Amino acid sequence: MLFSKQWFLFIAMAIVGLFSSTAAAEDAHSYARLDEVSTPHLELDLAIDFDRKQLRGFAEYTLQRHSNSNLLYLDSSQLTIDKAEIWQHDQWQPTKFSLGDVHPSLGQELIVDIGSTATKVRIHYHTATTASGLQWLTPAQTAGKKHPFMFSQSQPIHSRSWIPIQDTPALRLTYNARLTTPAGLLAVMSADNSLSDNRDGEYFFSMPQAIPPYLIAIAAGDLAIQAISDKVAVFAEQYIVDQAAWEFADTPAMIEATEAMYGPYRWDRYDLLILPPSFPFGGMENPRLSFITPTVVSGDRSLINLIAHELAHSWSGNLVTNASWRDLWINEGFTSYVENRIMEALFGTERAVMEQALGYQDLLANLELLEPNDTILNIDLGTRHPDDVFSQVPYVKGQLFLMYLEEQFGRETFDKFLRQYFDDFAFQSISTAQFKAYLQRELLAKHPQVVSMDKINEWIHQPGLPEDAPKPQSDAFAKVEQQMNRWLKGGALQTDSWTTHEWLHFINNLPLDISADNMARLDREFNLTSIQNSEIAHAWLKLSIIKKYEPARDRLRSYLLTIGRNKLVSPLYRELAKTPDNLKWARAVYEQAKPGYHPLTQTVNEALLYNKD
Ligand code: BES
Ligand code: ZN
């Protein structure tokens, strides 16, 4: 009797499970239960308190009920919840809430009692000084030195450290916000920023298009504004605003090129916010306002593929969004592909192929370091923190997959397919399985015998690269290699026409047994130790660690002390951690740099320098 009852329950649960398998339930990185109650709109009211390094105020959600549950499940991390209220019978009434145990990567589940009739919920809260999604800079840590600066980096799961929220990319919500700052500072968001010079300390925002939570963004500082066109402007500290407007002058042309290929830009304005050098990423595609590292303002427009990349996310990522972090390749692979198409449209094939080849080399190096299972596009993250598994795989393997499809079906057919894809899934979040079904229906079935589903499954579900994956080869790089071989035998280098890309290829491919004399010879002729281009400097400094080239040490120290973009910093710490003397030196530099590093840069590099096993 008992036995059969258990079986009955088991079968009933399996059936319920089968029918309630929504995208939300499939996001292992969120406590949200979108199939029970979802939150399609947010009203945010926050004071930006630089003295306490704290955001304080409330988040108010419109409730959409899909079941008779009277509980709302939210994500939170290091938040203090001051009180919760529900809107019912035309007034705000206090309600009960509870916080779950702290999970090492997910934070805490926040459960709010919303009764059975409330239409809105308000959560009053404040953030921790250590919020993982925020960085607070003192005036001394800014270029202007007079005012503090703060910014958010919410992707992938850091929104919950500054807003109690259903922090899954399967949710889409609109938002309005009111922010207050000390007078004189300007606050901006991933919303309808104003170009006016009002600095009264109270700012209102509206984002009427439904976006996933990881695209909610905020920054405040002593910002100047410089227009590039009537649709594009740069927000930045005064010291760099003109240089950045010059560096990124091609942005309007990039928008036009992308629209011609993939349909209209649907977000109204496209502005760029240049952050302090501690910004942990190259760029972040916050809608209407991409956040950009100052390390790409190189003075020669050689690193503007970053702008092409963040702009491309206005189609791949922001319009069509990965439903969970296992599907990140749907954001980053498509975007890397579109980025490269934009670069080709504006600057021609040679540059586009050089950029493909550099990405390909990075991927191959990455594949060496990764567990095979972590080289799968539709990766199994479990509940590991997505930041801990960040790699080139979703980017470059994803891009190669789309390049492969383009090769097989031809550009015309593939472009048509992609354009339709952006239309069909506009303002939706999709899983890898949904993409596969769409690909089967709209491309494979319509052009039979070109690519099999087995091949697609190999790309998406198998580790490494398929045998017949594209292998980008650049003629320009082949010439660099010829020159390198002559130079290694004592000949001269003709570098006058070399671009940043050729320099990167040259340095990255120097033989590791290069002599100390040749290192010195290079440095003497080309001043590599003092070069200001952040990417070339990075490549050279990394080599200098491997080769124990001491004259570059001071530059290495100042580089690590002034730049916090993790991609430029962590390979250097990783290299330094390989020998005891260097590790000791690196720890000392790190401790000095740490107060200026973003929480993400701190976490990643402390793992490299202190948790070595
Ligand atoms: N959206 C990403 C950054 C990101 C991805 C943050 C996943 C957190 C989790 C952004 O668009 C990006 O890819 N930036 C790259 C740009 C590069 C590939 C041109 C970067 O920051 O290096
Ligand atoms: Zn990206």
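In case you wondered, yes, glycine gets a Cβ from its N, Cα and C as well.
Database features, via TrEMBL:
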{"type": "ACT_SITE", "residues": "E310", "note": "active site, proton acceptor"}
{"type": "ACT_SITE", "residues": "Y395", "note": "active site, proton donor"}
{"type": "BINDING", "residues": "Q153, S154, Q155, P280, F281, G282, G283, M284, E285, R565, N566, K567", "note": "peptide binding site"}
{"type": "BINDING", "residues": "H309, H313, E332", "note": "Zn(2+) binding site"}
{"type": "DOMAIN", "residues": "474-609", "note": "domain 'Peptidase M1 leukotriene A4 hydrolase/aminopeptidase C-terminal'"}
{"type": "SIGNAL", "residues": "1-25", "note": "signal peptide"}
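Separation of the C-alpha atoms of N566 (peptide binding site) and the residue listed as 'active site, proton donor': 16 Å, rounded to the nearest whole number. The separation of the residue listed as 'active site, proton donor' from H313 (Zn(2+) binding site), Cα to Cα, is 12 Å. For the pair F281 (peptide binding site) and Y395 (active site, proton donor), the Cα-Cα distance reads 14 Å. Cβ neighbour count for Q155 (peptide binding site): 24 (other Cβ atoms within 10 Å of its Cβ, all protein chains included). Across all of the domain 'Peptidase M1 leukotriene A4 hydrolase/aminopeptidase C-terminal' (474-609), the predicted model scores a mean pLDDT of 98. In terms of Cα spacing, the binding-site residues Q153, Q155, G283, E285 all stay beyond 10 Å of E332 (Zn(2+) binding site).
Close contacts with ligand 2, defined as a Cβ under 6 Å from any of its atoms, occur at E332 among the recorded positions Q153, E310, E332.
Ranking the recorded positions H309, E310, Y395 by Cα distance from E285 (peptide binding site) puts E310 first. When the binding-site residues Q153, Q155, E285, N566 are checked against ligand 1, Q155, E285 have a Cβ within less than 6 Å of one of its atoms.
Here the Cα atom of the residue listed as 'active site, proton acceptor' is found 13 Å from that of Y395 (active site, proton donor). The CA atom of Y395 (active site, proton donor) is located 19 Å away from the CA atom of Q153 (peptide binding site).
Around the Cβ of E285 (peptide binding site), the number of neighbouring Cβ atoms within 10 Å comes to 24. In this record, peptide is bound by Q153, S154, Q155, P280, F281, G282, G283, M284, E285, R565, N566, K567; the longest C-alpha to C-alpha distance in that set is 17 Å.
Helix, strand and coil residue tallies for the domain 'Peptidase M1 leukotriene A4 hydrolase/aminopeptidase C-terminal' (474-609), in that order: 102 helix, 0 strand, 34 coil [DSSP]. Taking the centroid of the Cβ atoms of H309, H313, E332 as the Zn(2+) site, the other same-chain residues with Cβ within 8 Å of it are G283, E285, E310, A312, S316, G317, N331, F334, T335, S336, V338, E339, Y395. When the CA atoms are compared, the binding-site residues lying within 10 A of H309 (Zn(2+) binding site) are G283, out of the candidates Q153, Q155, G283.
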